[in-house]
Amino acid sequence: MLQAARSSISNWNPQLVRELKGRWKNRNISLAILASFFTQFFIYLNFQNKIPNEYHRTSRYCIGNPPTEELSVSQMYNPPNNYCLEDLVINWQLWWLDLFTWLSVFGIIILLVAGTYILISDLAKEEQTGTLSFVRLSPRSVSNLLIGKILGAPLIIYGVILLGLPLHLLSGIKAEIPVSLILGFYLVVMASCAFFFSAALLYGLVTTGLGTFQSWLGTGIVLFFLFAMSQGGYNNFWINHNPSDWVTLFYPGKILPYLIGETPHSLDTIGYFNLKEAQSLTWYGFPVWNNAYGTIALLVINYSWWTYWVWQGLKRRFHNAQNSLLSKEKSYWFTGSLTVSLIGFMVASDQNLAMNFRVLLTIELLAFLLLIFALSPHRQTLQDWARYRYQKNEKVTRNLITDLMRGEQSPATAAIALNLLSNILIITPAIIFLPLGNDRLSVFATVLLTSSSFLIYACITQLFLLMKTPKRGIFAIVAVGSVMLIPTLIDTILPLPAIISLAFFPIAESLFSTPAVMFFNLLAQWVVITLCSFQLTRQLKQAGQSETKLLA
């Protein structure tokens, strides 16, 4: 029977069998068992030590009111309920709930952080040893190969988590959380694994030049995100009612308030992952987060949607490191879906609505930087395209615009410009209909200035990716980072003219500038864009001519 199962798995996914053979060893299994049980024992023992005894006067887990003579005037009408009487009455449901929540948060961090590190480091190791080149020669699809790696490489981590499920499930049941919601939590965690682990593989394929720093950087980003989200949940400070709330959709612990809210305790008694705060979130004014099962479905849909986009990059980059991560046609759908998602978290009655647009543009800054590097082809691809344009100039001139907007090998600047235009068109109705008052014009100008600065970043990136040096990608990142940060840093020490400080990073100050200053900044930005475009065109013509002469 075991042999039949192995044969079935081998036929379905040989890569998974290969991963399992390398890791399914007695030593690894023993380590997983010991690590899981030791961690569970330590956590359980730590919570046992929190149970009050006769020496405690008050405790989180005590149920009882203090004697009347010990109450202050302010406590007379609302006496505390955490007094430890002589006959101790322990709030065991709350104790089990705290254990369940702690296991949930700790398990999420261990699973996603350790799994991310293993996948990135394993991919880097196979790249260095040349094993990955043989895997690429497999007739199997990219999806089949990489799913096998996702399922097989973090095998030990999966084992550690699975061995911890009985205690986690028991603590949830003892805390009187419905089993269906606990299973829904597991579904959300599995969806988050699909997203984070797919993103880890894409990160590993893209950042091969970082060496040993590669895995630590990727893991550090995931750890920082999960830790910040967990702290926000415990401190009831993770709902801001602005587009930054979109980021919380990638934290699997977002479903925890709905599980915790089903327990027989007041939200004040629990003190963390407040259900009312989670339910106060709206999307385009609709209370879509009111229901636990609806929230589970929305989180799974969100993970599935963005996992789909990660896999677009994986499929394009796995066999050819020179391919762009996204096709230009699909990038327009990516930009549109992101902008529509973010605008939905705007709150129409918020007094800081103008500042919320700054939050929106800050998130879009990160998204467009990723999009710029995802779409921009490197030197060899651009040379091939330029040579084709130079040789066939008479026949294909009329198709140049279509090629720039949709072509796989053409420069990315025109496609980025179209993405920015579609982004502006989606944001404009929000600027018109939301109650911005006197800030409406400045917000619209900020969107235009920011979009123009993004286009400058795209032009600079494409120019640097035409360099002959093999480290052109790193030079492009440094150049864009310098253009963004250096004027801002200098401006904090020695105030610069507004035309300089706003031209390259307008998000910070444009809301407070005069219309005249913003107009001249927009004009200056388009002068820079025009000059960069002429330079890019000149270099592409030179590249096409030189390549043609070499082949002649």
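Glycine residues also receive a Cβ, built from the backbone N, Cα and C atoms like all the rest.
Automatic, uncurated: that is what TrEMBL annotation is.
Remember, predicted model here, so these are calculated numbers, not experimental data.
For reference, TrEMBL has these:
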type     : residues : note
TRANSMEM : 28-47    : transmembrane segment
TRANSMEM : 99-120   : transmembrane segment
TRANSMEM : 141-165  : transmembrane segment
TRANSMEM : 177-203  : transmembrane segment
TRANSMEM : 215-234  : transmembrane segment
TRANSMEM : 292-311  : transmembrane segment
TRANSMEM : 332-349  : transmembrane segment
TRANSMEM : 355-375  : transmembrane segment
TRANSMEM : 414-437  : transmembrane segment
TRANSMEM : 443-467  : transmembrane segment
TRANSMEM : 474-504  : transmembrane segment
TRANSMEM : 516-536  : transmembrane segment
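Long-range contacts of the transmembrane segment (414-437) within the same chain: residues 328, 331-332, 335-336, 339-340, 343, 346, 348-349, 353-354, 357, 360, 364, 368, 371-372, 375, 401, 404-406, 443-444, 447-448, 451, 454-455, 458, each at least 6 residues beyond the stretch ends and with a Cβ under 8 Å from a Cβ of the stretch.
Note on the transmembrane segment (292-311): residues 143, 181, 184-185, 187-188, 191-192, 194-195, 198-199, 202, 249-250, 252, 254-255, 258-259, 261-262, 278, 326, 334, 337 of its chain, located 6 or more positions outside it, place their CB under 8 angstroms from a CB of the stretch.
The highest tally of CB pairs under 8 A with the transmembrane segment (215-234), across 99-120, 141-165, 177-203, 332-349, is held by 99-120. Non-local neighbours of the transmembrane segment (99-120) in the same chain are 43-44, 47, 149-150, 153-154, 157, 160-161, 164, 167-168, 171-172, 175, 177, 185, 189, 192-193, 196-197, 200-201, 203-204, 214-216, 218-219, 222-223, 226-227, 230, 233-234, 252-253, 256, 259-260, 272-273; each lies 6+ residues outside the stretch with a CB under 8 Å from one of its CB atoms.
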